[in-house]
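Peer 1: Next up is a structure, given as structure tokens.
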Amino acid sequence: MNRLNPFSKSHSKNSNENNEVSLADVAESDTRRHWLGLTKREFKLMGFAGAGFFLDSYDLFIINLVSPIYEYLYWGGLEGKKPHYPSGIHGLVNAAANIGNVFGQILFGFMGDFFGRKFVYGKEMIVVIIATVLVIALPKSIPTPLGKMMWIFAWRWLLGLGIGGDYPMSATITSERSLLSRRGTLLSIVFSFQGFGTLAGAIVTIILLACFEKPLNQRGEYTKLEGVWRLQMGLALVPALLVLIPRLTMKESKSYEQSKALNKYTDNDTYIADDDEPKKDNQNVVEEKQINLTTSSDSHPTSTEDFGDKRASTVPTSENTSGFIEYFSQWHHFKHLLATAVSWFLLDIAFYGVNLNQSVILKAIGFSSGKNEYHTLMRGAIGNLIIAIAGYVPGYWFTVFLVEKLGRKWIQLQGLFITGLMFAILAGSWDTISTGGRFACFVIAQFFSNFGPNATTFLYPAEVFPARVRGTAHGLSAALGKCGAILASLLFNFLTSVIGYGNVMWIFCGCMWGAIFFTLLLPETKMRDADEIDREEVLRGGNGKTHQGRWSWYFNGIF
């Protein structure tokens, strides 16, 4: 059973066992399901991959709760005075981690395809740990507020670099270690840890403020906020250290091993073996050694006998960028990359525009006002907690339980439409709707963002692309998404001061509804094996298996 453990270092002596688990092993593992129907193997995978997303979310969104403290401490916002925190600097600090994300997602995604999942996984966590220590080590000797913000910006950029690496690597590793019928559920569980990270940020802030209540609220010693924000950010080191060693010692993905050991093809598609086997043309390879990695039911998962020793029916290796360029030079592949990237970009403009500025928005709608700075901070943290409990976390778990029933495409489409509708309601009635009404709209928008595109934009690149380009394609999609987050971070405070909150909500609405068109380009990936489709294209030509019938436009994607 060690072969079922993704973290085991044991190696089978049997050549077949080196390729894949047997039918008996899979059947045995699937009968021992525990919490949420997970096997022990899946539970470990969810823990180590999910803990990374818990940390990612905590680190990305804690700045939303720390920013008001920066206003009070460094920008003259104490004693009821209006802070002089420039909107450009404010936006830059908020965007720092997302800017780093872009570079991290592309860099680690490419390295994951080029060097292997094992070589890369865990290195991103080392970057996160180093960056977190440097952020909270902000020297008090830096004399100016601008200098302090530049220190924080620099190291939160590095933090974002590490966090960005976690997106493509965790998605790819989870996708490649999952049965087809469980893949969407497992990917959704991993991504749902983002909700717990956001929830934890609000809870930690409330606890820390309560611990500092006497000096802050009763004695007005607001210099103690230095300790509060450093603890808020520094506590992220706990999950980072817990998952570091398991990630560094994780075995290589079987799918990646197969893709690297695959046959190479010449320009005329002649088969070239990795050993001394004679060359054969594609048709002979298909006839003699055709394999099938997926079936229509769970009772027939991949077995060792499907592979054989020659590995003849697998896709070509991708040891350089030529394979990536060749794959996406075809429109029916490129449109999927275009759709995953642009829909993620449009989503993140609205999603991060709200989440990175949630405390500011709560203050604008009148929820987080208080009689002094302490009460304002506490009310802001409580508002974030309510939104996380009522909308953020439940949305993720609706996706977990329904993704294999409704499919990815339906969840993404309905989430985009309803979230856009909430922004339209806010935009059209911003000056007339009550505080409670605004708050309810934001809660509903958060729910359908997460029972919708925020989860599925993460799932799609992990499922729609084959293993040989999966890491890079996921990294590029996520990176363009983070460009949307950066845009929102940099422009939100400026735009709200120029055109008002209502018009900004119209922009968010347009982004959500605009993403609907790009979603229609995508196929439904439920029970879809991208590697099998890729093999059929390489060995036989054509577009691989597609859905036929009146709903083909939906299941295959338009154009």
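The backbone N, Cα and C atoms fix where each Cβ goes, and this holds for glycine too.
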Peer 1: Candidates are SER299, SER318; I want to know which one Swiss-Prot annotates as phosphoserine.
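Peer 2: Looking at Swiss-Prot, the phosphoserine feature maps to SER299.
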Peer 1: On the question of membrane sidedness, does Swiss-Prot assign LYS405 and THR472 the same topological domain?
Peer 2: yes
Peer 1: With respect to Swiss-Prot, which of the residues SER297, SER303, SER313 bears the note phosphoserine?
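Peer 2: Swiss-Prot records phosphoserine at SER297.
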Peer 1: Compute the average pLDDT of the predicted model within the topological domain 'Extracellular' (431-438).
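Peer 2: Result for the topological domain 'Extracellular' (431-438): average pLDDT 86.
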Peer 1: Take the C-beta pairs under 8 A between the transmembrane segment (189-209) and each of 119-139, 336-356, 382-402, 410-430, 498-518. Which stretch has the highest count?
Peer 2: 382-402
Peer 1: Please list the DSSP helix, strand and coil residue counts for the topological domain 'Cytoplasmic' (166-188).
Peer 2: 20 helix, 0 strand, 3 coil
Peer 1: Would the transmembrane segment (225-245) and the transmembrane segment (382-402) count as touching if the test is at least 3 Cβ pairs under 8 Å, pairs 6 or more apart?
Peer 2: no
Peer 1: Need a quick answer: max count of Cβ pairs under 8 Å to the transmembrane segment (336-356), which of 119-139, 410-430, 475-495 is it?
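Peer 2: Checked against 119-139, 410-430, 475-495; highest Cβ contact count belongs to 475-495.
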Peer 1: Check the transmembrane segment (410-430) against the transmembrane segment (145-165) for contact, please; criterion is three or more CB pairs under 8 Å, pairs 6 or more apart in sequence.
Peer 2: no
Peer 1: Does the transmembrane segment (145-165) come close to the transmembrane segment (46-66), meaning at least 3 CB pairs under 8 Å for residues 6 or more apart?
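Peer 2: These two segments touch.
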Peer 1: May I ask which of the stretches 145-165, 439-459, 475-495, 498-518 has the most CB pairs under 8 A with the transmembrane segment (95-115)?
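Peer 2: Comparing 145-165, 439-459, 475-495, 498-518 against the transmembrane segment (95-115), the winner is 145-165.
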